[in-house]
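K.L.:
Got a structure for you, written out below as structure tokens; questions coming shortly.
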């Protein structure tokens, strides 16, 4: 298994939808979660870069699909946050369409990291994301973020509860706790990404370049 240097991760581009993304080759691992689940903080902690992914004080600001390259043909994708109530309905629909299209049609997508606040896990949209990934044979890592907000006993109890709950999806779903503040769970995240990037089959360029 190759140990990738996530500190070398760099921003490639932002795209409003799948049509504006670069060619569908290599391996992509996407990060998804509700607007306040700590997605940007997790990406910054993973890569040890303070501002790789912009953390917004206003949840729901990340409206674009953001691509980052870890190594040649190995990319991390920051998907638009979902489930934020104060976003105009039309904008919400636009994001959901872009999100759904990416998840459904992007061949190079081979792993999905679903982030959820440990204090509010497995909301409806989180479950839909996991269900969709399992149906598409995509491996899932659930990160229960902001784990530092709970005492050790409560943290373990919630971790076990969520691990038990995801068995119902009958898929490749792993659950871990994570804290950007305390750097907790970062090694587990890196290990999982290393495994995915090493073992998954990269999508090759087709001859006509499509």
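From the backbone N, Cα and C atoms, a Cβ is placed for every residue, glycine too.
Summarising the annotation, Swiss-Prot assigns domain 'EngB-type G' to 25-199 and lists sequence analysis as the type of evidence. Marked as GTP binding site by Swiss-Prot: 33-40, 60-64, 78-81, 145-148, 178-180. The feature Mg(2+) binding site is assigned by Swiss-Prot to 40, 62.
Situate these features within the shown structure.
P.N.:
Non-local contacts of residue 178 (GTP binding site) by the CB criterion (under 8 A, 6+ apart in sequence, same chain) comprise 38, 42, 115, 143, 144, 145, 147, 184, 185, 186, 188, 189.
Of all Cβ atoms in the protein chains displayed, 23 besides its own lie within 10 Å of the Cβ of residue 40 (Mg(2+) binding site).
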K.L.:
What does DSSP call residue 33 (GTP binding site) in the simple three-state scheme?
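P.N.:
Strand, per DSSP.
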K.L.:
Restricting attention to the domain 'EngB-type G' (25-199), give the mean pLDDT.
P.N.:
90
K.L.:
Counting only other Cβ atoms and using a 10 Å cut-off, which of the binding-site residues 39, 146 scores lowest?
P.N.:
146
